[in-house]
Structure formats: C-alpha cells, structure tokens
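Trainee: I grabbed these lines from TrEMBL:
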TRANSMEM  42-61  transmembrane segment
DOMAIN    91-243  domain 'Cytochrome c'
BINDING   104, 107, 108, 227  heme c binding site
TRANSMEM  271-289  transmembrane segment
Ligand code: HEC
C-alpha cells in the first residue's frame, strides 16, 4: 500500500530521464586491507591473537578462582520480581522492613534510606511517621551548643547502631557490619546471595578451623564469617500474621534490601512497558514512512541505452 501511495504522490520523480543524471562513481579507500603491507598485516594479526588469548585467560582465571575451595555459589531462586514486567512484592517489602528493624538494625546501618521513602511503598504516611517517632535521632547543636536527641521525623534517615566504624568493629570482633542499603547489587548473586547467606549456616567441614567469633557459611567467600546466624524460625512476629519461618524472614529481608538499593525498580519496569508500546507504534510509522518515500525509487526500472553511433 505504501508503494501505491508513494507512486501516486511522487510519480513525477519517475519521469525524470534516468540517463540524464550523471552516475556517481564510488571511491572506497577505507574499507579495504588490500593496500596494507605484509608486515602490517602480520603485526595486527599477532596483536589480535595476543589480545584474544589474554581475554580468554582472564576469563578462565576468574571462573576457576570463584569456583575454588569450599565456597558455594548461591542458586537462582524464583523471585516474584524477576520477570521483565514484574514489580516487587510490596507486602514482602513491608515484612522485610520489620525483619531489618527488629533483627539486622542491631548491627547494620542503613543510612541512605529515609522514613519518607517508606510512604506509598510499604507504609502509609501515618504509619511511616509513627515508625520514625519510635526512634530517637541525634540532632543539634541547640542554642547552648549541645547535641540532643529527639523523636524522628519523616525526613530523617534510618539511625545507625554505631556512631562510627571503629565502634562497630570493636563490638563485632574486629569485623565491620557493612551498611545494608546497597548491599544487594554490591555482592555477586544479589538477592540470591543475601537469602543464601542468611539461611546457609552450617557446621564447618572437617579440617576447617575457625577463629574465636567466626562462624561457618559456605556462601561467604572464604567460608569464615564474623556474623552469627541472625535468623531463626519465629525470631520475630510479623504484624500481618505470616508464619515467620527462617526462610520466610530471609526472603522478605532480601526483597526489602532489593528495594532499598533499587527504589526505582517498579517505575523502571513500568516505564519500559510504556516505552515498548510507544516505540513499537512509532517503529511501524517509520517503516511505513520509509517505504512510502522510497517506493518511487524501489519500483522504477533503469534501462541502459547504448549510444547510437
Ligand atoms: C550481631 C550483629 C549482626 C546482626 C544482628 C546482623 N549482622 Fe550481618 N553482619 C555482621 C557482621 C559483623 C558482618 C561482617 C562479617 C564479615 O565480614 O565477616 C556482617 C555482614 C553481613 C553481610 C555481608 C556479607 C558479605 O558478603 O560481606 C550481609 C549481607 C549481612 N550481614 C546481612 C545481614 C542481615 C540481612 C541481617 C538481618 C537479618 C544481619 N546481617 C544481621 C553482624 C550482624
């Protein structure tokens, strides 16, 4: 159809005598290696082979190192947000926040999340305000130059359990409990890793000696982790009545940590959906437009008339 419309609109183009237009001569200097000397060819081939070999070696080393020892790779779990158009499970985010607040917050900070971020995601505004007011936040200095504590506000960040890294290390046998806000993308395996590490504690295999204050976890690089097992069945009670098994707690806190590191997750996928729909439409328009514009050229026939004399 595009070609028909094109022919009607631009049939004038067809009438231009093709043999009156001078034929352009194509000169290609750049896309050929014919002109190269043998030395240059040999040098470039050698460089290519060396670069390829080095890449393959690095890849093999990386693979063999991360598969070495007794370390386990976390398996891939069927997270409900894995699909291209799947949102996070917001009931799970809310439960994960409860786990973080009641268990992990004793050791781990989460200083890049504010209480206002919870509004509309896992809590209503009134609930988030109540959550903030539950915490005492350091503020100041006041008019006599002293720091003071006050109930939290929506604009406050989650309070940290320790004033600084040294205090955190001193309280945890020298190990530093990392800030959890961006831990999920910060580790290979992301939420699979978080889930595995929280549920993977076991006795050390024969021959592995742990130091004081270390525990064995095959998912942790090296196996000896300074965080004691934090989650057990029924260690907390969920406000929505979900049975708080260890794996449920680990799954919910992993989803919560996924959200804190990627709060734009749902919006991003929603946007992708819109972009796909709109771009599909405009691609079709563009294809039609192109065929329309080219139809006069694509459907013409060129004849060569040899000179008469
Ligand atoms: C008793 C204190 C304590 C509690 C409670 C605690 N952790 Fe930890 N966590 C630590 C310490 C200490 C480390 C550092 C371990 C190390 O480097 O060996 C750590 C490390 C981690 C790591 C990083 C592991 C890595 O690959 O570097 C993650 C993830 C983590 N904790 C998640 C959690 C979650 C989720 C919770 C709550 C369910 C939690 N932790 C509760 C003390 C704690």
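Going from the start of the chain as shown, residues are counted 1 onward.
Any Cβ shown, glycine's included, is placed from N, Cα and C.
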Trainee: Suppose we draw a 10 Å sphere around the Cβ of residue 108 (heme c binding site). How many other Cβ atoms does it contain, all chains included?
Mentor: 23
Trainee: Other than 104, 107, 108, 227 themselves, what residues in this chain have Cβ atoms within 8 Å of the centroid of the heme c site's Cβ atoms?
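Mentor: Output for this site, in sequence order: 103, 105, 106, 177, 180, 230.
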Trainee: What residues in the same chain, six or more past the boundaries of the transmembrane segment (42-61), come closer than 8 Å to it by Cβ-Cβ distance?
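Mentor: Distant Cβ neighbours of the transmembrane segment (42-61): there are none.
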Trainee: Could you list the residues of the same chain, at least six apart in sequence, whose Cβ is under 8 A from the Cβ of residue 104 (heme c binding site)?
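Mentor: Looking at Cβ-Cβ distances below 8 Å from residue 104 (heme c binding site), excluding near sequence neighbours, one finds 180, 230, 253.
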Trainee: Taking the Cβ of residue 107 (heme c binding site) as the centre, count every other Cβ atom within 10 Å, in any protein chain shown.
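Mentor: For residue 107 (heme c binding site), the count of other Cβ atoms within 10 Å is 19.
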Trainee: If the heme c binders are 104, 107, 108, 227 per the record, what's the largest distance between their Cα atoms, in Å?
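Mentor: For the residues that bind heme c, the greatest Cα distance is 11 Å.
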Trainee: Look up residue 108 (heme c binding site) in the DSSP assignment and reduce it to helix, strand or coil.
Mentor: coil
Trainee: What residues, ordered by sequence, lie under 8 A Cβ-to-Cβ from residue 227 (heme c binding site) and sit at least six positions away in the same chain?
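Mentor: In sequence order, 107, 172, 175, 177, 215 meet the Cβ cut-off.
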